[in-house]
Amino acid sequence: MTATAAVAVLLWIAAASRFRRWWWARTWNLVGVLTVFTCMAAHMTVNLPLFESLLRGALGHSNGAGAVKMVLFSGICFGAAILVTDLMAPSDRRRAQLIRLHALLSMVTAGGSVAFFLTAPEVPEQRDGYTFDDLYAHTPGYAEAGITAMLYPFLLCIVVTIVTAGHADTRTATGRGLMVLCPGVFLLTVYAGMRITYVLAASTGAIDPTPRVFDITQVLALVGVLMVTIGVLWPTMALWTAARRALRDFFELHRVLTTRWPGVIRPSWKGSSATDRVADRATEVMDALSIAAQAAGLPHGAPIPEDEAPVAIVEWILTGFTREELPQEALGAPDGVSDVEWVRTLGVAFNTARQEKLVAADGDD
């Protein structure tokens, strides 16, 4: 139960962070991620005895929390369908058509399972969903509800597993995230398949009811949800880490130049990502260098070799003295190098030169 509560808290935090991003950047990818995290967080929360008991009282049904979880599970699958569709759709029109189809399938699945659940003979209230599944998941009405609730998710998870397996790789942050997400979705596929098979077999009398299946599926669901969460968040975490590392490399250079030329500072857009904010800071450095070059009257001419430029530029920034061969064109990023990469190179050279200057000053003392 502690693990379930911890995962629920993690999911709510993830959902809140995605909601903030979605508020400023309305993309289908963020809609899918937000839907998945919100429904998973709510599902895990309902699994906690306290919230399950409160929900039963609010709905006025002895085991109404089970119906709510079926709706939430359909919501999770709909969010996953949005993510896969956004990844694979060849056009905006096709994407919209597929998302509408998945929305319809999710609503039919949720509506059908809830209808079966609520029209089944009401049974005594159970302390939690696990106990209810153990005693009544295979009984008339509840069996049909369970199979209906899991059929679409089972088929969808198979598709998601295949699609993510084809795009998983170690070269990109998204690819590495898919390497974690793919096995997580596979575990959820096994989870749904086991529940469908067991309920069908137990309800027809092919096997005797046993709690063992639910012991296994409970673990599969928890591990699968955790892996899916990490997989979805992986690109964001990786890009945030890379952005912070890049900013750290040219932070001092940025501070010095923006102190001299404060007019280049402009706030980043509120909904911008960490990568975008670092790119904005790099642009401020480039603008400050351009203004400083014009103010210092640097000549125009052919750029100096790329490996010599950082040292010459940093020497000019620190001392104010310019080499004759340092033209304004040398300040710009070389061909094939982004502004962030170039400013990062200058930042590292700046930090090194300042450190050498401090060491030399200490030696003179």
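Numbers run from 1 along the shown chain.
The backbone N, Cα and C atoms fix where each Cβ goes, glycine too.
Under the heading transmembrane segment, TrEMBL lists 70-89, 101-121, 141-166, 178-199, 219-240.
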Per Cβ pairs under 8 Å, the stretch of 101-121, 141-166, 178-199, 219-240 packing most closely against the transmembrane segment (70-89): 141-166
Within-chain partners of the transmembrane segment (101-121) [C-beta distance under 8 Å, separation at least 6 from its ends]: 61, 64, 66-67, 70-71, 74-75, 77-78, 81-82, 85, 139-142, 144-146, 148-149, 151-153, 156
Cβ contacts under 8 Å made by the transmembrane segment (219-240) with residues that lie 6+ beyond its boundaries: 3-4, 7, 10-11, 14, 33, 36-37, 40, 44, 83, 173-174, 176-188, 190-191, 194, 273-275
Within-chain partners of the transmembrane segment (141-166) [C-beta distance under 8 Å, separation at least 6 from its ends]: 66-67, 70, 73-74, 76-77, 80-81, 83-84, 87-88, 102, 105-106, 108-110, 112-117, 119-121, 133, 178, 181-182, 185-186, 188-189, 192-193, 195-196, 199-200, 202-203
